[in-house]
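Asker: Here's a structure for you.
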Amino acid sequence: MNSKQSVMTLDEFTIQELRNFPGATGQLSGLLRGIGLAAKRVNVAVNKAGIADILGEAGRTNVQGESVKKLDEFANGQFIDALRTSIYCCGMASEENEDFIPFLDEHSMQSKYVVLIDPLDGSGNIDVNISIGTIFSVYRRITPEGTPCKLEDFLQPGSAQIAAGYIIYGSSTMLVYATRRSVQGFTLDPAIGEFCLSHPNLKCPEAGDIFSVNMGYYHLYEAPVRQVIDSFMAKTAQEKVYRHRAVGCMVAEIHRTLIQGGVFLYPAFGQYHHGRLRLCYECNPMSFLVEKAGGMSLSAPGQRLLDVQPAKLHQRIPIFIGSRTMMEGVHHLFSEAQ
Ligand code: AHG
Ligand code: MN
Ligand code: MN
């Protein structure tokens with residue numbers, strides 16, 4: 001095996017970033033370290049899920065009426081604990097909790113950030129050993145430091161994000177995060193239990209040949225969406241062949257898109273007439289990250305997803321996201337259909 005001599009850990013990297021930006025307070029670095037710690041704890045549970053009593057349903061439904069898995073609850077608890085302990089955010093909102101959670105201790109209240117999180121994404125994959133993930137998003141609070149955070153701190157358009165990222169628990173475990181400046185990818189080295197910089201300055205390939213969408217709902221999608229999908233499906237042997245992939249975990253779809261290029265679509269249909277994926281916990285962070293890597297994300301024809309003003313925490317939204325040239329094709333087809 002070819003292994004590099006000395007790879008920078010997540011902690012070392014965030015500390016080095018502080019040196020490059022003398023005005024930085026270190027709060028964001030502290031937050032990322034807290035998220036990394038919770039991710040390692042979740043990773044341990046995921047790795048031994050089959051032998052620990054952690055597979056299956058928790059026996060309740062969440063605020064969105066979806067059945068909650070034991071690992072959803074475990075992951076949620078880990079991220080809440082890590083963020084509360086970190087003192088680097090004044091509150092958080094989770095897909096698994098109806099309301100946001102203010103951190104009211106003196107230190108946390110002084111901090112300038114709030115965090116939104118989908119603690120376990122792709123939870124339908126847990127019991128069958130397919131990739132799952134965590135998605136997080138960081139905003140600067142609107143309310144004054146030193147006071148309890150309020151709902152308005154969490155309901156900001158995605159374009160206001162300070163940082164966003166995901167953890168993928170896959171064939172290896174990775175933490176990928178974007179700031180306004182760059183996207184960096186770290187792989188968990190199980191030997192030392194640290195996330196190590198493995199994918200510096202990630203860029204989403206401009207072109208791609210993969211499209212990802214739940215084809216089971218094809219006939220329920222609106223005509224322009226069907227036209228977009230049709231444009232990827234070869235009608236003759238001579239045409240460019242796109243490959244179709246659908247993992248059932250947005251984190252895995254986005255990770256593949258960042259590495260190999262392509263598009264991921266989750267349109268509105270039938271019962272999910274506002275889309276299925278959540279604006280604040282899933283679509284905003286992934287759109288921020290993909291845009292920072294050079295890609296594009298829309299919620300409707302001509303509508304940049306990051307410009308949408310959220311009206312409520314658990315709002316859903318359609319998403320069309322991925323490599324720039326493929327997304328320009330999507331945009332073009334949408335505008336023709338209008
Ligand atoms: P979650 O596990 O947080 O509820 O999210 C699952 C989401 C997303 O990750 C995935 O892309 C989508 O649900 C899959 O939905 P379908 O089975 O309808 O395609
Ligand atoms: Mn999710
Ligand atoms: Mn989830």
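Cβ atoms are placed via backbone N, Cα and C, with glycine included.
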Asker: Pick from E95, E96, E145, E152: which one does TrEMBL list with D118, L120 for the same Mg(2+) 1 site?
Answerer: E95
Asker: According to TrEMBL, D118, D121 bind Mg(2+) 2; so which of E239, E253, E282, E291 is the extra one listed there?
Answerer: E282
Asker: Would you mind sorting out which binding-site residues among E95, D118, D121, E282 put a C-beta under 6 angstroms from ligand 3?
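Answerer: The binding-site residues passing the 6 Å Cβ test are E95, D118, D121.
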